[in-house]
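See structure below.
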């Protein structure tokens, strides 16, 4: 601005006659009244401009390019946001596997993956044995050729453990590999864990086939590159049935050799694996870019797991729980949860394919090398070592202690406001000292009445409050939009999370920028016009600082009371805005001070009344005028917009760029990364019963936090952005409210189970013990009722899915709210599609001998299990149970919980830290490594209300998971269907679901068994 004035001063020096001919002055007093008069130009004799006209033209363009003006500000803000969003998106893409695979063999791993995931292979299936044998065949040659590699095919470990409400007895079939370290002290080994069982409804490519084949590669690698510490590989079985394989590992002697673990898991359908959870800072250091080429980690995922936002469980919970108390890492896939535990968790449907597998292998190798060979940091253990961690565009990992974050936050809460107040006061004092008229006297102040008439108090009040008004409007409109999504199409975020974010962000931009750019009309001097945008920006910077200070206060409380580490971005944001405010105060000390006395305006004699154009046109006109060299016919000052700038076109060169770089890139990058993680992991948890409002609130909060950093610069953003965001909001929101939310790529998940009620054939007899009665459930008890139950989201389940199933046609549908999966309903109906347990009937010979006729064979096909129940004491009982072609049975105690149970032949006592609690156990889950195993369970209960001697009632049940389409021979040669003899297991109702579900829906399991057959008992 001053450079332009200097240019015209030089021009008038060379042609002073033109001044008198073509110019006159207009004086404006303090009340805004104008007085016009003619005047001669100042005496410029002897003054020479140090710049030539050509140089002046170059210098004049500097404010246009880097000044705090509309075009430069808009361009830089857009470039900043687009660069950050592009980085977040592009760095999340999976790169092609390198040719140099650092001792790993991706091709072999992919071959292993296809073998392991050829069929669903849950613990209670025949194909589970085939997978076990295949893995064993892969590791045995390694142990045979290397002296420090040892294998344990664990067929002996068993135990009992309890969780709130239920108890477990489990017999493990884990495959353990030990690689002796070069300098291990005996108990500082590292555990590598993955599970080779899948759920009954999925082949398990990502859950957890990729984890298993990664461990196979690490075994080969560390056998050739012996580590410093001992490595234990637990390729366990039974994780899907509530983490049983990890519990079984704790029963093995090798569990005493480890104090750190790396667990590989899959909670989705591929993509890039993330460090989901970590116990302490020391193991997280293994994820630094020195070891892991593309670290992907964020502590917010750990916060989400801890608070039940993501309903899932991994072996991490066992390894960190009572009895183990190890420190370690949980690495898992998280994208595409709609395919999790479904038929789409298969090799052909994996998100990323070989690239996804390589990402897991590369991550595990890097972290494993660090854990086995890097120096330990024992000081990190304990509460002081709780970590805060996040990656920066998959290139670097930032790690620090949660306690350090707390200390820094507390200091910032105190030092920040005090220092800022000091700088602002200094700015005010210095500006008042400089605010004097040319004669040195203080500037005259208008009277109170004049001040009120001028409404400058109203302008000042609006300038200092409009940020908060805009924020309140934004929050209200965001809440209204959340309600709109919940009311019109609550599942639209399921398949279009990023469109939902665009909708929220567009609205946030509009609701913030429109109030902030509203101003009162006022008459300003050229100097005031010059500094007005800067003062506006400074005011908004302070408002944003106050906003981040409030966020920092709540963040500090969350860190101190709830150990929430995911709010680290607030700390970074507050620090950046604080520094920007300090610099703004320094800038304010240097800005020209608008004078309160008469102000002079210049007008051309030929254009006394000049109408200002719109801001963008004004800037373009200036550029054209500055490109034209002056001549004698060139219009004088009246045609130069330099002295008639609108307030929006003022601004100091350079300062605003520093402010922008301090306040926008860091918080926007951190928030964008966090928002991307939330939008990739949360939306499809709606099918699991997660509240929809939580997902939309997360998207809304992300959008608002992304928009707030640009508010100090809102006055200089081009009006075209308003129309762009307005149109995008209308179009995107309308589409999302009308679009069908599911597709074959993002199917809605429903949960299946069939229940078979057996006839209660009980024979009464008297026991020699206290004359108490006993009962027997005969193996030939007939099927009394078969009920098919499907769980899912209420509207689509009742109106779009169940009506498509032939077996449900014309049947009475009974629906109830699901307690285990809140937000979902279970609808059931009686079915004529009767399942068959398959296998060989273990009681066929006994039944034929008892009946003395061949006809018993046909009746034996109805057999499911055999059970005997006896009262062995006042508060004691015994159940003998044998299921047909199954490894899994259950005991339900409906009338009262039991306080103790013991399984004959099992490990004595309960696992340390997992004893039956005070509330007792209403259910006991029994798992054996062999089929047709006879369980003998002794149990005790407490009397209620002193009613000693009363018995107990409940149900005896067994589970089945195999169905024909899941066991088809695919020619891989891995499994002989008839190895156990007998018939094939059949679940025709599940086959019906697979055949008749719409293409936008997919089936998963409700619980451990797809079929549960049960019969009541009392004792």
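Yeah, the Cβs are placed from backbone N, Cα and C, and that goes for glycine too.
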Exercise. Given 498-518, 519-539, 603-623, 624-644, which one carries Swiss-Prot's transmembrane segment label?
Worked result: 498-518
Problem set entry | Swiss-Prot annotation: residue 165 and residue 917 on one membrane face | yes
Exercise. According to Swiss-Prot, which stretch among 384-404, 405-425, 426-446, 741-761 corresponds to the feature transmembrane segment?
Worked result: 405-425
Problem set entry | Other parts of the chain folded back onto the transmembrane segment (720-740), taken as Cβ under 8 Å at six or more residues beyond its ends | 74, 481, 484-485, 488-489, 492, 496, 499-500, 502-503, 505-507, 509-510, 513-514, 1000
Exercise. When you scan the chain for residues with a C-beta under 8 Å from the transmembrane segment (498-518), skipping those not six or more beyond its ends, what do you find?
Worked result: 462, 466-467, 469-471, 473-474, 477-478, 481, 485, 492, 540, 675, 679, 696, 699-700, 702-704, 706-708, 710-711, 714-715, 717, 721-722, 725-726, 728-729, 732-733, 735-736
Exercise. Listed recorded positions are 158, 239, 240, 341; which of them have CA atoms within 10 A of the CA of residue 195 (Zn(2+) 1 binding site)?
Worked result: 239, 240
Exercise. For residue 256 (N-linked glycosylation site), which residues of its chain lie six or more apart in sequence with Cβ-Cβ distance below 8 Å?
Worked result: 187
Problem set entry | Feature contact check the transmembrane segment (693-713) with the transmembrane segment (540-560), CB under 8 Å, 3 or more pairs | yes
Exercise. Three-state secondary structure of residue 265 (Zn(2+) 1 binding site) from DSSP?
Worked result: strand
Problem set entry | Non-site residues, in chain order, whose CB comes within 8 A of the mean position of the CB atoms of 207, 240, 341 at Zn(2+) 2 | 198, 199, 202, 204, 208, 266, 340, 345
For this session: Take the C-alpha atoms of residue 265 (Zn(2+) 1 binding site) and residue 341 (Zn(2+) 2 binding site) and report the distance between them in angstrom, rounded.
Result: 13
For this session: Tally every other Cβ atom lying within 10 Å of the Cβ atom of residue 195 (Zn(2+) 1 binding site).
Result: 30
